[in-house]
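The Mn(2+) 1 binding site annotation in TrEMBL covers A:ASP75, A:HIS141. The feature GMP binding site is assigned by TrEMBL to A:ASN140, A:HIS141, A:PHE142, A:ALA143, A:GLU144, A:HIS243, A:ASN244, A:SER281, A:HIS301, A:GLY302, A:ALA303, A:GLY304, A:LYS379. Per TrEMBL, the feature Mn(2+) 2 binding site maps to A:HIS172, A:HIS243. Among the features that TrEMBL reports, active site, GMP-histidine intermediate is placed at A:HIS301.
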Amino acid sequence: MGNSSLQIIAENVSVIASPKTWIEGGAIQQLQTTAKLPGMHRVVGMPDLHPGRGYPVGAAFFSIGRFYPALIGGDIGCGMRLLKTDLSIAKISLDKLVKRLGNIDAPLIEQSDVWRERVRSFQLQDSGFEQSLGTIGGGNHFAEIQQIIEVFDQDIFSAHGLDRKQVMLLVHSGSRGLGGHILREHIDQFGHLGLAEDDTAAIAYWQQHQQALDFALCNRRLIAERICANLATDAETVLDIHHNFLSEVSIDGVRGFIHRKGAAPADEGLIVIPGSRGDYSFVVQAVRGELASHSLFSLAHGAGRKWMRSECEARLKQRYTAAQLSRTALDSRVVCHDKGLIFEEAPEAYKPIDSVITSLQEAGLIKVVAKLKPLISYKTSGGCCV
DNA sequence: ATGTGC
């Protein structure tokens, strides 16, 4: 049976996207180039697919016998953490929350002895990047206060302890400088050739990769704790999912490696797929349908960029001032005192999240559980004045 | 993406 959300590009290259989903030609080209790497057996673009530095973002790659650290990229362990706070929607004021949130950009270990001890309590392996723990970083990373505005599957919703009356917190960050450092050292030594699975360097990479995953997970947890402390609330974690990582798996009895680059796993429980700061986010459950293995047990990780960062300011500054961009069409607040980022991360720079969710739904890969509306998107309090 | 590269 055909599926309008499955686009076959070549024998081992496909994209999960409805015909109306924005897919850049350059991203397809990168996908095809990647498919030709030695040992590469299948590549799949997700509906949020877009061009990256050499390799596409929003895709999963399955190789046999060797793997490619460059495909995972520099932000090893980047991911999403979703929490249900103790704040009740009915009682909050957004202006007050923005004020209470304050500035969360400085190193957490420098905030107090209590925080320093808290960071130490995770007993992370020494990395040299400890001062980045508890900080969001730049680019597309953010923390967002959200409200659940629609529930599509009450059973799954309740089973995960979700509650429409409670304020939600979403944290998107990764391994900061650590992952980049690991990739750079790898590339300096091996270029883009990848590693044979039984090479001693492969064992070393696995160790460093794990360190970055641990660091990134801990970072998101610390960011959430820091935000909750500022907001004088507590929170329960609903999910925490990496979308940049390598895993060793068997697909249809064939052992190999799934590289996920901006792709959420479909086999680790509930997933959140956020839209841009001016769009909704969706909590979804993966469905093990016909296309589950074809799509390498992966899902989109967000809306996906539509415009390159470098072109955003030129395209938008005629239409909006930076100050206007600190409010969105959904009436949410944007905390981003960095003039470059405010344009680069404008809602217009991203695909409509609807097209991404619909594509996954039509492909039979997800069941939509709930829809969340942004209230406050926090990027940074530093940088240039806005 | 990046306690950032030319």
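Backbone N, Cα and C define each Cβ position, glycine as well.
Mapped onto this structure are the features recorded in TrEMBL.
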{"residue": "A:ASP75", "record": "Mn(2+) 1 binding site", "Cβ contacts under 8 Å, 6 or more apart": "A:GLY174, A:SER175, A:GLY179, A:GLY180, A:ALA216, A:ASN244"}
{"residue": "A:ASN140", "record": "GMP binding site", "Cβ contacts under 8 Å, 6 or more apart": "A:HIS172, A:GLY302, A:GLU345"}
{"residue": "A:HIS141", "record": "Mn(2+) 1 binding site", "Cβ contacts under 8 Å, 6 or more apart": "A:CYS78, A:HIS172, A:SER173, A:GLY174, A:LYS379"}
{"residue": "A:PHE142", "record": "GMP binding site", "Cβ contacts under 8 Å, 6 or more apart": "A:ILE136, A:LEU170, A:HIS172, A:ARG277, A:GLU345, A:SER377, A:TYR378, A:LYS379"}
{"residue": "A:GLU144", "record": "GMP binding site", "Cβ contacts under 8 Å, 6 or more apart": "A:LEU169, A:LEU170, A:HIS172, A:PRO274, A:ARG277, A:SER281, A:PRO374, A:LEU375, A:ILE376, A:SER377, A:TYR378"}
{"residue": "A:HIS243", "record": "Mn(2+) 2 binding site", "Cβ contacts under 8 Å, 6 or more apart": "A:CYS78, A:GLY79, A:MET80, A:ARG260, A:GLY262, A:ALA263, A:ALA264, A:PRO265, A:HIS301"}
{"residue": "A:ALA303", "record": "GMP binding site", "Cβ contacts under 8 Å, 6 or more apart": "A:ASP48, A:PRO274, A:GLY275, A:SER276, A:ASP279, A:TYR350, A:LYS351, A:PRO352, A:ILE353, A:VAL356"}
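For the binding-site residues given as A:HIS172, A:HIS301, the lowest number of other CB atoms within 10 Å of the residue's CB is seen at A:HIS172. For the recorded site, A:PHE142 (GMP binding site), the DSSP three-state label reads strand. The Cβ neighbour count for A:LYS379 (GMP binding site), using a 10 Å radius over every protein chain in view, is 26. Neighbours of A:ASN244 (GMP binding site), defined as other CB atoms within 10 A of its CB across all chains, total 26.
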